[in-house]
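Chemist: Dropping the structure in here first, questions after.
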Amino acid sequence: MAEEGRSEETDAVERKKQKGGFRTMPFILANDFCDRLANVGFSSNLISYLTLQLHLPLVEASNIITNFNGTANLTPLIGGLIADSFAGRFWTITSGSVFYQLGMVFLTLSAVIPSLSPPPCAKNATDCQRPSSSQIAVLYLALLCTSIGTGGTRPCIMAFGADQLELDAHGRPRDAKPRWSFFNIYFFGIELAKLTAATAVVYVQENVGWGWGLGIPTITMLAAVVAFVSGYSLYVRMPPGGSPLVRLAQVTTAAFRKRKAVVPDPSLLYQDKELDAGISTAGRLLHTDQLKFLDKAAIVTAGDMLPSGEPRLWRLSTVHRVEELKSIMRMLPIWAATILLVTSGSHNSSFAIQQARTMDRDITPRFRIPPASMLIFTNITMLLTLTFYDRVLVRVLRRRTRHPTGITHLQRTGVGMTLAMVANAVAAVVERRRRSVAAANGLLDAPKATVPMSVFWLVPQYAIHGVADAFMDVGRMEFLYDQAPESLRSTAAALYWLTNSMGSYLGTLLVTVVHDKTRRSGQWLQDNLNRGKLDSYYWLVVALQVLNLVYYFVCVKYYTFKPLETTGDDKEVELDHVNGNGDGDTKKDVLR
């Protein structure tokens, strides 16, 4: 009986050890694939739905889209904090998927039920009936639910997937880590979903109807929820480590209370391995010399300890907790530099699609490419670039730089920022030519007429944006995940989406300011693109990108990577000065 009991106990331990790994990827990536297919299935062509079905003006529709994208990328900050604080990543993802499903149902109903949308325009009519306040309310309710849903899925799915490959069932780092980057595979899956949505789903929307065009993503989202929950028993589920915001607030408060204290030698600052055990399973953060004011939170003074010997956390913090706050603060300047990246590409889902609608889109006498399907050229080039980068470019660069991934995350992001700037310069040149062709053919006052210029002139700008995204999206996500303290990784992923949020809101602000300031001198952005000056808007974005790129290089030059303490089997302590790729040069020392 005893042997049988030990056998059952051993089997249970073995099953626990087998959790996570590659076998969980189908469930996680299937969820995200379906999620993105649903999202892109309606958002990529949302400009057409708002202008053609709801009869909203171009600038108003564009601002609704950027505001929606801003909100959808702001809620992940809240979702990340909820996951890190008490809910855990699994349940946060599941709850978010359900909310997203509700939003898609509301949006589909608004397209299917006639009373939820304005009547069609009369033939050749220029003035169409605007949607009523109740119809707009249903639209906003749908967009709000999907925004709440993304708050649960986006900040957690990447960190949750990376956990399956990097951690064992006990939350400790695996001995053998995967050789390929999870984030490369993750973004590859995203772009594959976008490609499917921008072709098949957009085609249905344009040629079959919005009921089926939105119904397909709705059904797909239901499949995403089922796929993810099905893998419940296989996942490594890291328990939440308590509210990270509370810990950061405790450090700030303790440092402020001791603002007049003199910082002693770093070896005298407060350490408590047991207290930090739950938030430092991969290793404690080591002291750094930057932001020394915060070190005052770890100075032990009278009244800092309870009678039980435990610290009063609003008066005394450990070095690890101080360094958590330092790590986040060091990341913020570089994080802020990536906000304009989103702004610089936001017009691809609004103005560029309207450009495509005015151009010759005939492929064959019976087939015309939908305007929103031009996004496939961004998706295709990103897919090809990710594959080429992993299989060819890394090996070539590794020989030159001797770096495990060829170039660092920060260098990869910088390359992407430069290419995004080039893409917008190309967009400006192409738009100027499009307007010239329209003028030469007497179409300046015929906004609905087809300009005799192939829509494939837009391919270079979309393609370069795709290459840029392959560099900067993966680079900035890996940087945030790698440099964030382990207990703040969902929050760090939320910072990625917060970048998209602020970039979208900045896009709305930029469009509104340009629209207002150019009203007297000849409006740059108007419903009739042939009379507008969209190319001038693109050049303005390029100028802002140049300034932003200079700021980014300055931030990178002075950035300090986090030093991490990990304990090996030989009882030695490894001081891993992570260099932005998780494979940095390792220095060994023995703590005395």
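Including glycine, each Cβ sits where the backbone N, Cα and C put it.
Sharing the features that TrEMBL gives for it:
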REGION    573-592  region 'Disordered'
TRANSMEM  183-204  transmembrane segment
TRANSMEM  210-235  transmembrane segment
TRANSMEM  369-389  transmembrane segment
TRANSMEM  410-430  transmembrane segment
TRANSMEM  494-515  transmembrane segment
TRANSMEM  536-554  transmembrane segment
Chemist: Considering only Cβ pairs under 8 Å, which range in 183-204, 210-235, 369-389, 494-515, 536-554 makes the most contacts with the transmembrane segment (410-430)?
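Modeler: The stretch I would name here is 536-554.
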Chemist: Which sequence positions outside the transmembrane segment (183-204), separated from its termini by at least 6 residues, show Cβ-Cβ distances below 8 Å to it?
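Modeler: Residues 25, 29, 32-37, 39-41, 44-45, 158, 161-162, 212-213, 216-217, 370, 372-373, 375-376, 378-380, 382-383, 386-387, 389-390, 470, 473-474, 477-478, 481 contact the transmembrane segment (183-204) from elsewhere in the chain.
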Chemist: Which residues of the same chain, at least 6 past either end of the transmembrane segment (369-389), have a Cβ under 8 Å from a Cβ in it?
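Modeler: Residues 44-45, 47-48, 184, 187-188, 191-192, 194-195, 198-199, 202-203, 205-207, 348-349, 352-354, 356-357, 361, 363, 455, 458-459, 462-467, 469-471, 474.
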Chemist: Near the transmembrane segment (210-235), which same-chain residues lie under 8 Å Cβ to Cβ, leaving out any that are not at least 6 residues past its ends?
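Modeler: The answer is 19-20, 23-24, 26-28, 30-35, 37-39, 41-42, 45, 49, 53, 90, 93-94, 97-98, 100-101, 104-105, 107-108, 111-112, 160, 164, 197, 200-202, 204.
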